[in-house]
């Protein structure tokens, strides 16, 4: 039975318990990761070499090896003095991510990597090869403090923030695998980076934004990825969105909305209790005005919870009230998570939801979900170690 667009009903909300985490904005204090060359701003690299007794220009040489040539073996960095390589590596190239498990799907073109950090914390990233691009979904925190009840990461709670280098190294590790032809499809290089893995990136603002700068800065200062290929996802930290808009980077902003009404979003996305739907959308519009980059609205479709056509219509009205041509909606079929009783919307309901948005003139594309069979899709990253049983 369908509900007319103009007669919304109040459904009971069979929401999951809050789980182990509450809404956490500040990461727990833990020992800092060792300083890595990637943590240094370009202007700091020469002085760091001088501290080691080397010439300042060695900083640029090391940057060329790391970012441009994707070299991680000091023995092959032949433009650095052989007698200095070990000392430089020990001081500036500590191991940050230790791979402990790799799972593949889609004929080997979707790869989920589980890494152990220096303190035992676990994070995951997912590399996805498409015909015209190579995209990696990366983590900005170990765990997440946003406590969204339909997301495996949010239910795990927040362990700690990642450093700039820990974030970037997920990308360089994937780029090395592509460059060395270790992934089906021939040699390649990461072209797109989405901050949609574990964590709320804007809650780890300093490290996440510094990581974006390393990604988009031309080699040898960084990896030289186009800012258009970088997507910063957020549940709606309004002050941080406004701050990011002024960074001069012009990456794509993705707002994880999941409901157009405060009553439901308060439950699905607890940060909404601090910044309401209207405030988040206003900030997203300001981001568009500051950067010229069209904003993506992410909307996980949950059966009988938020997938009603009238909610799509309400969302369309809210977006159009803030102008035309500034936004695109990505409905996402809900991916299953361990212990969750929620499921994805029926295909007919999904089509009706999309049609309601399109009837309001809102560009809408259902997200191509990959990696769900290896718990590598949106909302599924939980960094379960090899020794931990799956639910």
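From the backbone N, Cα and C atoms, a Cβ is placed for every residue, glycine too.
Marked as [4Fe-4S] cluster binding site by Swiss-Prot on the basis of sequence analysis: 144, 148, 151. Residue 144 ([4Fe-4S] cluster binding site) has a Cβ environment of 28 other Cβ atoms inside 10 Å.
Per Swiss-Prot, compositional bias 'Low complexity' is recorded for 12-21.
Summarising the annotation, Swiss-Prot assigns disulfide bond to 137-378. The local packing around residue 137 (disulfide bond), expressed as other Cβ atoms within 10 Å of its Cβ over all shown chains, amounts to 27.
Residues or ranges marked as domain 'Radical SAM core' by Swiss-Prot on the basis of sequence analysis: 130-373.
Annotated region 'Disordered' per Swiss-Prot: 1-33, in sequence order.
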Report summary line: Across the binding-site residues (148, 151), the Cβ with the fewest other Cβ atoms inside 10 Å is that of 148
Query raised in the report: Any idea what the model's mean pLDDT is for the domain 'Radical SAM core' (130-373)?
Result: 95
Report summary line: Quick note, residue 151 ([4Fe-4S] cluster binding site) and residue 137 (disulfide bond): C-alpha atoms separated, nearest Å, by 15
Requested in this report: Could you round the CA separation between residue 144 ([4Fe-4S] cluster binding site) and residue 137 (disulfide bond) to a whole angstrom and send it over?
Outcome: 15
